[in-house]
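Over in TrEMBL, the protein carries these features:
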ACT_SITE  Glu117  active site, proton donor
ACT_SITE  Asp258  active site
ACT_SITE  Glu351  active site, proton donor
ACT_SITE  Glu372  active site
BINDING   Thr475  Ca(2+) binding site
REGION    517-561  region 'Disordered'
SIGNAL    1-21  signal peptide
Amino acid sequence: MPFRLLVPLGLLCALLPLHYGAPGPDGTAPDPAHYRERVKAMFYHAYDSYLENAFPYDELRPLTCDGHDTWGSFSLTLIDALDTLLILGNVSEFQRVVEVLQDNVDFDIDVNASVFETNIRVVGGLLSAHLLSKRAGVEVEAGWPCSGPLLRMAEEAARKLLPAFQTPTGMPYGTVNLLHGVNPGETPVTCTAGIGTFIVEFATLSSLTGDPVFEDVARVALMRLWESRSDIGLVGNHIDVLTGKWVAQDSGIGAGVDSYFEYLVKGAILLQDKKLMAMFLEYNKAIRNYTRFDDWYLWVQMYKGTVSMPVFQSLEAYWPGLQSLIGDIDNAMRTFLNYYTVWKQFGGLPEFYNIPQGYTVEKREGYPLRPELIESAMYLYRATGDPTLLELGRDAVESIEKISKVECGFATIKDLRDHKLDNRMESFFLAETVKYLYLLFDPTNFIHNNGSTFDTVITPYGECILGAGGYIFNTEAHPIDPAALHCCQRLKEEQWEVEDLMREFYSLKRNRSKFQKKTMSSGPWQPPTGAGTFSSPESQDQMREKKPAKQKVPLLSCPSQPFTSKLALLGQVFLDSS
């Protein structure tokens, strides 16, 4: 497929029709306005319960109406829910929460934090809220979006993660202590997704701050994974970041791997990076050749391609949405419909589903209100207008409200077979599940902007266009405006060339012969062919003395075994005895 056909979400909205004929259980069509209001009510029931019972802890425990810290003591649910507030239109609460976060969140704490989760939830959430602040009526400081309190918070959080990348391979540890760095006894085994899910947030951070270190470490990690793939083009589930040797050799599109593939596609679109897309397309060929069976995706041994686990995981349900971003709509819809049949069977997606048996897998019968199938429905509805996708949205609202709603929020479903509940409401419920549901039923939301409206801002580096659509969601559903990456670039090399020309012009007026001698020795000036490098304002004079080399950036024009002995999931490697 030609690379130029890649279209971000907001632009898809302008090109494709919307339909509202999805039949309900009684033959009537689900009314988008009705379900939009239902979703909004779901959000506030969960959000208000968190504020009243759990803040400042990370997450709400809905069955006991209290809170607990889960990922680092960041008031995580508040950060994760911030951009959802704006998408729902609540600018006053957005403004209040921005002030609360500035006053209460501290990253200089003695806490062991997940590098992956801190990045996608905290760094991603703060970056998105920073870029949306002006739209939310926050009084931004001079120089925005190249400066601002939320951007500084995001940068501080990201710097706390950088010690994790100091390994012989450049692939990061999975956990880092925010105060002391990587603990001496930290395990070097990290899942693939925990290595390859940084380019969206870190490249955005480098573009906005001018510090290339974030994008640099993210790119190195991506490349090391690419170089570690098997001869048949697959990657495993967990790898030793010190030696580069695979620890878990199951290959698939789900848990422990998923967002690596997602970020190759989204990083390619965000950065207009042809190499990242070429990497994904090569993976996609291997995935189709070895893991795809009748529009399901199984787990296989990464070196042999033989089936190791014939299971579908709920985390895999992002895949149809990802396929839609590369224009593979037909395959996306077929896979989506397979996954939707599982939802209809249980009223949710169990963590693991045995495809040949058509039932749940023991100890993996729960549904923690994950967003992935709803996410794919939103993308595909924007791309096709197929009313079946609205049906999924309706079913999700009805199921979650009927099974999961309790007095203090919404509880994780511990077992979809008997609807037992667990005492947890993960922050992604407000960051992702509710957001994707709302956007599915809200075709005129600013996120779906087709480019007909935009905002012009003046930065220290010139005029910039923001808010024109085409938002890229990170894997925690925090939208990033791709245009913002161009607002703060210090294109020093181009600036030097112009300044050199101006000096030569004025020198010509003063001393024509001196100018002629200079141009004959130096040769004619040529326009720059690549993007300049980033530098801090303090280093500008030093950089002029020693100009960096140009970097050209291309434009886009085995036998079956029990699953418990194989799969590495969320940092766990299940053994035969588990």
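The backbone N, Cα and C atoms fix where each Cβ goes, glycine too.
All protein chains shown were included, and the count of other CB atoms within 10 Å of the CB of Glu372 (active site) stands at 24. A Cα-Cα distance of 12 Å separates Glu351 (active site, proton donor) from Glu372 (active site).
Distance between Cα atoms for the residue listed as 'Ca(2+) binding site' and Glu372 (active site): 10 Å, as a whole number. Rounded to a whole number, the distance between the Cα atoms of Glu372 (active site) and Asp258 (active site) is 11 Å. Rounded to a whole number, the C-alpha distance linking Glu372 (active site) with Glu117 (active site, proton donor) is 16 angstrom. Compared over the active-site residues Glu117, Asp258, Glu351, the count of CB atoms lying within 10 A of a residue's CB peaks at Asp258. Every protein chain shown contributes to the tally, and the Cβ of the residue listed as 'Ca(2+) binding site' ends up with 25 other Cβ atoms within 10 Å.
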